[in-house]
Amino acid sequence: MIDCMSDLLVAVLDDDADLAATVARLLTRNGVAARAFVAPQDILAMLPDRALGCVISDIQMGEMDGFAFADVLRVRDPAVALVFMTAWPTTAHAVDAVRRHGGLDYLEKPIDEPRLIAAVSEGLAWSKRERRIAAATASFTRREREVFNLLVRGHSNKEIAEHLAISARTVEDHRAAIVAKTKTNGLAQLVALSRGEET
Amino acid sequence: MISRATPPRTGSLLPGAAPKKREVPLLVAYAFSFAFLHWTASPWGGAGFFSLWYPPAGLRFAMLWNCGPRITPWLIVAELCADIATGVIHLGAPDTLQAMTGIMRPGITYGIAIAAVRHIAREHTDTLALPPMTLGLAAVAAPALNALMVVPFEALLPSDAGRYRIGVDIAISLTGLAVGDLLGILVLAPLLLWLAAVAGAPRRMRIAMPPLRPVLEDATVIGGCLLLTIALWRAGLGAQPAPGLLAGAWIGLRHGRIAAWLAILAQVLVFLPYSAGPLDDAARLELHLGIAAVVLVTWLAGSFSDAQKTSRAAIDKRNRLLFQAERLKTLRAMSVAVIHEISQPLSTLAIEAGHLRSVTQDLDPEIADSAALVDRKARALSDLVRRLRRFGGRDVDEPSPLPVAMLMQTACQIVAAEVRGSSGRLECAAVAPDLVVQAQEIELTQALVNLLRNAFAASPGETVSVRAYAVRGEARIEVANPVTVASASAGMGVGLVIARTIIEAHGGTLVREDETACIRFALTLPLLAGATI
C-alpha cells in the first residue's frame with residue numbers, strides 16, 4: 001500500500017477508456033487517489049484547480065501523443081511526476097521518455113503491476129518534495145533565491161558575498177529574511193528544506 | 001553416422017590413395033580400350049606426330065574427370081601395361097626409359113590440368129567456374145599442358161629417334177599432338193562421361209526427347225554449313241572448316257552442350273574419313289587444325305550456354321528466396337501489429353483478473369479457483385506477449401550474453417503454439433542456468449525455431465525432444481525426432497540453410513547425427529566464459 005497522499009491526485013491517461021479506468025481502480029485499491037482520463041485536454045483543463053502528483057500517460061494517442069502532452073504539462077506544472085506506458089515499446093522511445101521528457105519510468109503493456117505501483121509511489125514522493133520546496137521558496141526575492149541556493153550548498157557568508165559581488169552584511173540581511181520567511185532554525189533545517197524534507 | 005550437410009570435395013591430388021574396389025575392373029577395361037583406340041588412331045598419323053585424331057586422349061580424360069585426379073598413377077600403370085602388351089614399348093631396348101616417360105607424360109599432365117581447373121573452380125564463382133564450363137576448360141587445358149610439357153621432358157631425356165622433333169619442326173609436332181588430343185577429348189569424353197552418369201545414377205534416368213523446333217533448327221544450320229563446305233571443296237578451295245565453325249558456334253550458344261556435341265560428331269564424321277585418305281602431312285595438319293578450332297569453339301560455346309543457364313537458374317532461385325523473405329517480412333510486420341493490438345486489452349484483462357483473484361480468495365473455493373485460474377492464464381499470456389514482442393518487434397539485434405535456457409524457452413514457446421493443433425509433442429529438457437552464449441537473441445531463436453519446425457515436419461504427430469548441455473567449452477543443443485515415413489514437406493527447404501548460416505555466423509556448427517531410430521541435429525556454440533546473468 002502506498003502512503004496516503006490524498007491531496008495529490010494521480011491521473012491515468014489512455015485513449016482506451018477501459019484500460020485507463022482499470023489502472024485508476026488498481027491505484028485506488030492501493031490507496032492512491034487516481035482518476036482516469038481519455039484525452040490530454042481533460043487533464044490540462046483541470047489544472048491548476050486540482051494539484052496532480054503523477055500522470056501515467058499512454059504514448060500513442062490520437063491528436064496529441066504522450067510526449068507532446070508531457071511537454072505541455074511540464075510548462076503548466078513542473079512538479080508533476082510522469083510515468084509512460086505503451087503497447088509499442090521501442091528503445092528510442094524509452095530513452096526519450098526518460099531523458100527528454102523527464103519520465104520516471106517507461107512501462108510496457110501488458111503492465112507489470114508491482115513496477116507500476118513502485119513508479120507511482122516514487123512519482124508521488126518526488127512531486128510532494130518538489131511542491132514543498134516550491135512552497136517554501138515561493139516568497140523569496142531573486143537575490144534571496146540566489147543566496148539560498150549557495151547557502152544550502154555549504155558556502156560561507158563571505159564566499160557568497162564574493163560570488164554575488166555584494167557585501168557580507170547584505171548576505172547576512174538576506175539570510176535573516178530567508179530564515180524568517182521559511183520559519184526555519186539554522187542551516188541544517190534550510191538544507192533539509194532544499195531537499196524537500198519536512199522541517 | 002556423422003555427416004556434414006555440405007557435399008564432400010572430390011578429386012584431391014593425393015596420389016597415395018589406392019584404387020577403390022570398383023575401379024580395378026574399370027582400370028583393366030581401360031587398358032584394353034586404350035590399346036584398341038590407340039591402334040585405331042594410326043591412319044591420321046604423320047611426320048613428327050603420332051596421330052591428328054587421338055581418341056585414347058578422350059578415354060583418359062573421361063576416366064580422370066570421372067574418378068578424380070587421384071587415380072592418375074594407376075591410369076599411367078594401365079597405359080604402360082597396354083603399351084608393353086601391344087609392343088608399343090620394347091622392354092630392353094636402348095630408349096625404353098625415354099619411351100616410358102613419353103607414355104607417362106600425358107597421364108601426369110592431364111591429372112595436373114584437371115586438378116588445377118577444379119581447384120580454380122572451387123576458388124572462384126564467376127561463369128567460368130560454373131559446372132559445365134569447368135569441364136570445357138579442362139578439356140582445353142589438358143592437351144595444351146601435355147603439348148607444352150613435351151619440351152622439358154625431351155630436354156631431360158632426349159630420345160634418339162624421337163617422335164617429337166626438336167628444332168625447326170617443334171611447332172608442327174606440338175600442334176599435331178595437341179590437335180589430336182583435343183579432338184579425341186572433345187568427341188569421345190562427353191559421350192563417355194554421359195554414359196558414366198547414366199550408369200552411376202541411383203534411379204534409371206529418363207531421357208527426354210528434345211523439342212522438335214530446336215532439333216530442326218540445328219539440323220538445318222549444320223546441314224546448310226556442311227553443304228557449303230562441300231560446295232567450297234568442289235569449287236577447288238579444299239576442305240574449309242569455316243562454315244562448320246559458324247554452325248558450331250551458333251548451335252552451341254543456342255542450345256548448350258548436348259546439341260554442341262552432336263554438331264561436333266556430325267562434323268567429325270564428315271571430315272575424318274576424308275582426312276584419313278591420301279592427303280600429305282601438311283594438308284592433313286592444316287585440316288585438323290581447322291577441325292580442332294571448330295570442335296573447340298562449338299564445345300566452349302555449348303559449355304558457356306549451359307553455364308549461363310545454371311547461372312540464370314541460381315538467380316531465379318535467389319529471386320524466389322528474396323520473394324519469400326519479403327513475404328516473411330510482411331508477415332513479421334503483421335505479427336508485430338497483432339501482438340501490439342492484443343497487449344492493449346490484455347493489460348486490462350490481466351489487472352482485472354489479478355483484482356478478481358484477490359477479492360475472491362476468501363469466497364467459495366470454486367469461485368476462488370476459477371478467479372485464480374483466470375489470473376494465472378492472463379499472466380502467462382502477458383508473459384508470452386512480452387516475449388513474442390521481444391522476438392518479433394526489435395529491429396536491431398545486438399550480440400549480448402544469452403542464457404541457453406532462455407533461448408530454448410522462447411523457441412519452444414513459439415513452436416509449441418504451432419504444434420498444439422496436431423498430436424505432436426515437444427519435450428524441452430531443463431537446462432543449467434549457467435549455460436550462457438554470446439549471441440544475437442532474435443537470430444539464434446529463429447535458427448532453433450527452424451530446427452524444431454523441421455523436426456515436426458519430418459515426424460508429424462511424434463515427440464520432438466530438445467536438450468542442452470556443456471561439452472568441451474561449448475554449449476550443445478540437440479534437437480531429436482524419431483525416424484518416420486518421409487512425408488511431403490510444405491516448407492521451401494530454406495529453414496535449415498538459414499539455421500546453419502545463423503549458427504555459423506555465431507562461430508558455432510550445425511551437425512546432423514543420425515541414429516537408427518532417430519534424426520538428431522546438434523548445434524554447438526562457444527560458451528561465454530565468466531558470464532554473469
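Cβ from N, Cα, C; glycine included.
These features come from TrEMBL:
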TRANSMEM  B:27-54  transmembrane segment
TRANSMEM  B:133-153  transmembrane segment
TRANSMEM  B:174-199  transmembrane segment
TRANSMEM  B:219-237  transmembrane segment
TRANSMEM  B:258-276  transmembrane segment
TRANSMEM  B:282-302  transmembrane segment
DOMAIN    B:337-529  domain 'Histidine kinase'
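Long-range contacts of the transmembrane segment (B:27-54) within the same chain, counting only residues at least 6 positions beyond its ends with a Cβ under 8 Å from a Cβ of the stretch, are 19, 60, 63, 71, 74-75, 77-79, 81-83, 85-86, 88, 163-165, 169, 172-173, 176-177, 179-181, 183-184, 272, 275-276, 281, 284-285, 288. Summed and averaged per residue, pLDDT over the domain 'Histidine kinase' (B:337-529) gives 84. Using the rule of three or more Cβ pairs under 8 Å, pairs at least 6 apart in sequence, the transmembrane segment (B:133-153) is not in contact with the transmembrane segment (B:219-237). With a threshold of 8 Å between CB atoms, the same-chain residues lying at least 6 positions outside the transmembrane segment (B:174-199) that come near it are 37, 41, 44, 46, 48-59, 61-63, 65-66, 106, 135, 139-140, 142-144, 146-148, 150-151, 164, 205, 257, 261, 264-265, 268, 285, 288-289, 291-292, 295-296, 299. Residues of the same chain lying 6 or more positions beyond the ends of the transmembrane segment (B:282-302) and with a Cβ under 8 Å from any Cβ of it are 44, 46, 49, 52-53, 132, 136, 139-140, 172, 175-176, 178-180, 182-183, 186-187, 190, 238-242, 244-245, 248-249, 251-253, 255-261, 263-264, 267-268, 271, 274-275. For the transmembrane segment (B:219-237), the list of distant contacts is 243-244, 246-247, 250-251, 263, 266-267, 270: same-chain residues at least six beyond its ends, Cβ to Cβ under 8 Å.
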